[in-house]
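Written below as structure tokens is the structure these notes are about.
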Amino acid sequence: MPTLTTKIKGSNNYFSLISLNINGLNSPIKRHRLTDWLHKQDPTFCCLQETHLREKDRHYLRVKGWKTIFQANGLKKQAGVAILISDKIDFQPKVIKKDKEGHFILIKGKILQEELSILNIYAPNARAATFIRDTLVKLKAYIAPHTIIVGDFNTPLSSKDRSWKQKLNRDTVKLTEVMKQMDLTDIYRTFYPKTKGYTFFSAPHGTFSKIDHIIGHKTGLNRYKNIEIVPCILSDHHGLRLIFNNNINNGKPTFTWKLNNTLLNDTLVKEGIKKEIKDFLEFNENEATTYPNLWDTMKAFLRGKLIALSASKKKRETAHTSSLTTHLKALEKKEANSPKRSRRQEIIKLRGEINQVETRRTIQRINQTRSWFFEKINKIDKPLARLTKGHRDKILINKIRNEKGDITTDPEEIQNTIRSFYKRLYSTKLENLDEMDKFLDRYQVPKLNQDQVDHLNSPISPKEIEAVINSLPTKKSPGPDGFSAEFYQTFKEDLIPILHKLFHKIEVEGTLPNSFYEATITLIPKPQKDPTKIENFRPISLMNIDAKILNKILANRIQEHIKAIIHPDQVGFIPGMQGWFNIRKSINVIHYINKLKDKNHMIISLDAEKAFDKIQHPFMIKVLERSGIQGPYLNMIKAIYSKPVANIKVNGEKLEAIPLKSGTRQGCPLSPYLFNIVLEVLARAIRQQKEIKGIQIGKEEVKISLLADDMIVYISDPKNSTRELLNLINSFGEVVGYKINSNKSMAFLYTKNKQAEKEIRETTPFSIVTNNIKYLGVTLTKEVKDLYDKNFKSLKKEIKEDLRRWKDLPCSWIGRINIVKMAILPKAIYRFNAIPIKIPTQFFNELEGAICKFVWNNKKPRIAKSLLKDKRTSGGITMPDLKLYYRAIVIKTAWYWYRDRQVDQWNRIEDPEMNPHTYGHLIFDKGAKTIQWKKDSIFNNWCWHNWLLSCRRMRIDPYLSPCTKVKSKWIKELHIKPETLKLIEEKVGKSLEDMGTGEKFLNRTAMACAVRSRIDKWDLMKLQSFCKAKDTVNKTKRPPTDWERIFTYPKSDRGLISNIYKELKKVDFRKSNNPIKKWGSELNKEFSPEEYRMAEKHLKKCSTSLIIREMQIKTTLRFHLTPVRMAKIKNSGDSRCWRGCGERGTLLHCWWECRLVQPLWKSVWRFLRKLDIVLPEDPAIPLLGIYPEDAPTGKKDTCSTMFIAALFIIARSWKEPRCPSTEEWIQKMWYIYTMEYYSAIKKNEFMKFLAKWMDLEGIILSEVTHSQRNSHNMYSLISGY
């Protein structure tokens, strides 16, 4: 081969352009190989010729990292050119010119404010030079000094461009003359005037030539650094690379090492790393080395080892190809200088061998990717999430407003502007320590007791470390050190002892490893905000995983005691508290104000400026000390905040580290709790300040609601209260750094005094709105009557708009059901949860109709709605019932009533005249009999109505049950001494079920009998009279139902809505025709209950892939249309089989009885006999998964796969007059086999795969010819042959 220019060292730092004749891209394998080749070359621009793509197939060309693609394609699979532009740059096209037949495309635009035009040409074989000449003349107006002309010209431009001596023909001479007239020159020949360099080898002629060219304007040659020929094995052409003088950015792109998690699946790698850890500690763990330094050194050491192992593994994988490629280059070089027929044949053979090896490797990678989709497609998982959310573009900051307010595109100035902004943001450190102390003296914070402090300070245990490591989320970006969560989980047995010692040293010495202070900040633009303003970017911080492990342990500890410090007004990150508490609270306050005649109130939603980023570390430490936190726990927090730093990453480059002198650490599990504790100081100050008057609702004064930095303040006498509130916030800000954004803070003002309203508007910096305020994702309205319009009408509109956007998504009806569950249901549940007011039935009917249209893609439903709502008969694929979910959410308030929680102010203030303890006597209690709700009750009356209705439908007494509390109103009215009830609750239990009724009264356990002997005799007589009464015994002697358990047993409200929904579905069940029963009628069988259960289980367990399960679900649920069914729909008399057999086309006939289908089923049973599996030829087995009792259990998985593969092939030719072929069936089985193999490897379930497939693999391979194996790439994945 001719001499190839050596790749320039560091050329990836420069703009580069590659031109390549790809010789067809209709093969997916070829497209994958092109993607790999491009990633290795990493050009800024890639110009492809001969893509052979038709205009309708343009979407085939997609390359990760080069999303901007300009194409010119014809109507046939010939010609075709494309220009791909790297995501690393911002190219702004102004002019695009295309050839209709796909022979050229021209783009003109700007890059870094410089003009650039690229003309990509593929010349036809006939009269190529004439075509090039005519094209240049035609586009002369667009050719300028900044123009680059590239492509396959199909002709040499110089006699040196051929390996044999021949003069240029007349057309080529004319072309070169036109080029001279236009001041164009061959850039390669300019750089290498005497070098022989070739891009094309003609195998039939055994000749080399350079027919691929890059042409530039003579006056623009100073723009280019070099040009080189790039070897490419996936085409019969080599590529050309042109390197510009322009840097991609002003500075070296930052390489950040990240662990390749696939290494962790390699047994040799795992064993090697375990040994390295052990050896490292043996040699380096001594008294001379501090543990923080030892830990950081070990990470650096392991990083080096992993890099070496990765390189070694890659080298092993590519050794064979590299050897062949080196040999090929040597042969081509010899052949170019002295042609020889035998060598030419060897070159052709060698190229074929390399292509075969690379193709096989590409197929393997494709299959690995396909197996991932095979497992996850149509499930509630990443593929569906990506479909609904759309593609998120790579974020490039190409322009920004500098400190003067001017837009700059200079990369260096962009970096300086961003770094300066965040340096100012994070480096504001207040030194007024005395003022901080004075503020904290004035507003005392609650303290933890000694037991709580002792728990915080107890030594960190290995169990805590292991629990946190196990809970780490996987498949997430690692921190600056590159070690992922999977690394810690894989080597936890080796790392936990080291981390335990490290954390002990930190507890004692208060010094962290230096890597614990590091973080990388990535900037994400806020949606629908001006991206040229730096404040409109959201900084996302990545900490190292080891630092997160320590911080998570500290967070877990403080979480247990946070309620002792934080008032129930704060609900963010507090166990047992939810965001909708504050929404309901705000609505109840608004409702209360609306009912008042004399109004003089204000509700203010405060917006804090960068609240998390401005918290002062000295103040935070002082607050923690005042809260009683001290000792090792406090020392560790001090260490965490002693010298944190962060590198901001802009366009792939890490900027110089900035110190983080203020703000809680982003991405740190401990930060939310520290922020809450600091903000509690302000909340406490607002509560204590008498001049800030809250709103008195009955016996409750309501002043404030908080969730993280979202704060709402409720005040009366707004004229004076707002002044005091602002003064207090300013005083707080002076010691904490907290600042209110007055322009974004909004308020409702309630007053009938117009003069007072005018004064308040003039003196208050907040925006006083008349209609609504956005708060925690819902719209608070000034009057509660507008809640439905502003929240639920808008929700309906949002859902319908989402469904409209998703109508063309490429997924099946099952995938669409899961999209509804994944994207629509959470949105609806959140809104129902926040505002559970009465909603008209029409709202749900409209939504159900829109969802049904979406699921069936505007076609008539194939499966009854009632079937899809029954998890048992639909194979686990259920359509969510929004109305039932809404009812479940409305009813769930009853759970909080039963708990009688003192923290639920949101509930108590709805009816201020009601005794708060009444709520605790409503659920399964006597208080429910006399409760009277006000007509204007927003939430509680509606909850009570639905609760009673549900209990009656379930035939459960809502007043007295086994779950009635020992402290119920029934027993309270007996005037039992409080100490008696307390003793029973502590020693026996809190319900009548625990205490026992009738003969079991206080004698179910030895402890109960002991308590009975200690109770006052009068109390015992009273309790006996109630517990042994006939009515009590009749209603409580049974065990509690699932419905009763939901409201009385769980200590947490986690999963509450789902549990209520499940129980409501049982009573809301609408009877539908069971499809398995219909199959029984058609098969002349009556299935037993066990067979029904077998079929239902088969629907869920026949495969882990939903693609495979879908076919079984469709078959069992009778999804497919038949001639008989269509004849009824169209009211026609023709119900004959579509395959042309002349028989009546029932569903059973189409699947099984048709004489054109029977040969396939004969082949299936022939395979079964070869596997030594004896099954009767009963259609219920392959169609429904109902096996005979004596069927071999261990072989059912194998059989099911064979049957479902056959169903796929029969369905594929459903209306075609042909017999489904055995070859197609074998190919389908092989596809499933391949997908399950890669899935088993990934999940470490190879033995299970082997048991299922080993015998069947051999039979399949014995049934196919050698040519079929080659054409379908069918080789044993188990043995490798």
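Including glycine, each Cβ sits where the backbone N, Cα and C put it.
Database features (Swiss-Prot):
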type     : residues                                                                                               : note
REGION   : 1-245                                                                                                  : region 'Endonuclease activity'
BINDING  : Glu50                                                                                                  : Mg(2+) 2 binding site
REGION   : 318-344                                                                                                : region 'Disordered'
COMPBIAS : 329-344                                                                                                : compositional bias 'Basic and acidic residues'
DOMAIN   : 505-780                                                                                                : domain 'Reverse transcriptase'
BINDING  : Lys526, Lys529, Arg538, Asp607, Ala608, Glu609, Lys610, Ala611, Phe612, Gln666, Asp709, Asn741, Lys744 : dTTP binding site
BINDING  : Lys563, Ile566, His567                                                                                 : Mg(2+) 3 binding site
BINDING  : Asp607, Asp709, Asp710                                                                                 : Mg(2+) 1 binding site
MOTIF    : 707-710                                                                                                : motif 'FADD motif'
REGION   : 1103-1281                                                                                              : region 'Carboxy-terminal segment'
DOMAIN   : 1247-1266                                                                                              : domain 'DUF1725'
Between the region 'Endonuclease activity' (1-245) and the region 'Disordered' (318-344), do 3 or more CB pairs sit under 8 angstroms, pairs being 6 or more residues apart? yes
How long is the line from the C-alpha of Asp709 (dTTP binding site) to the C-alpha of Lys563 (Mg(2+) 3 binding site), rounded to the nearest angstrom? 18
Specify the count of other C-beta atoms within 10 Å of the C-beta of Asp710 (Mg(2+) 1 binding site). 18
Averaging the per-residue pLDDT over the region 'Endonuclease activity' (1-245), what integer do you get? 87
Candidates Lys563, His567, Asp710 (binding-site residues); nearest Cα to Ala608 (dTTP binding site) turns out to be Asp710
With DSSP as the yardstick, break the motif 'FADD motif' (707-710) down into helix, strand and coil residue counts. 0 helix, 2 strand, 2 coil
Lys526, Arg538, Lys610 as binding-site residues, winner by CB count within 10 A: Lys610
If I take the Cα of Lys526 (dTTP binding site) as reference, which of the binding-site residues Glu50, Lys563, Asp607 has the closest Cα? Asp607
Close in space but at least six residues away in sequence, with Cβ under 8 Å from that of Ile566 (Mg(2+) 3 binding site), the same-chain residues are Ile574, Asn676, Ile677, Glu680
Lys563, Ala608: which of these binding-site residues has the sparsest Cβ neighbourhood within 10 Å? Lys563
Measure from the Cα of Asp710 (Mg(2+) 1 binding site) to the Cα of every one of the binding-site residues Glu50, Lys563, Lys610, then give the nearest. Lys610
Whole-number Å value of the largest CA-CA distance among Lys526, Lys529, Arg538, Asp607, Ala608, Glu609, Lys610, Ala611, Phe612, Gln666, Asp709, Asn741, Lys744, listed as dTTP-binding: 23
If you count Cβ atoms within 10 Å of each one, which of the binding-site residues His567, Lys744 comes out on top? His567
Using a 10 Å radius on the Cβ of Asp607 (Mg(2+) 1 binding site), the other Cβ atoms enclosed count 17
Can you tell me how far the Cα of Lys610 (dTTP binding site) sits from the Cα of the residue listed as 'Mg(2+) 2 binding site', in Å? 53
If I take the alpha carbons of His567 (Mg(2+) 3 binding site) and Asp607 (Mg(2+) 1 binding site), what is the distance between them in whole Å? 21
Secondary structure of the compositional bias 'Basic and acidic residues' (329-344) by DSSP, residue by residue, totals 13 helix, 0 strand, 3 coil
Starting from the Mg(2+) 3 site formed by Lys563, Ile566, His567, give every other residue of that chain whose CB sits within 8 Å of the mean position of their CB atoms, in sequence order. Pro446, Ile562, Ala564, Ile565, Pro568, Asp569, Gln570, Ile574, Glu680
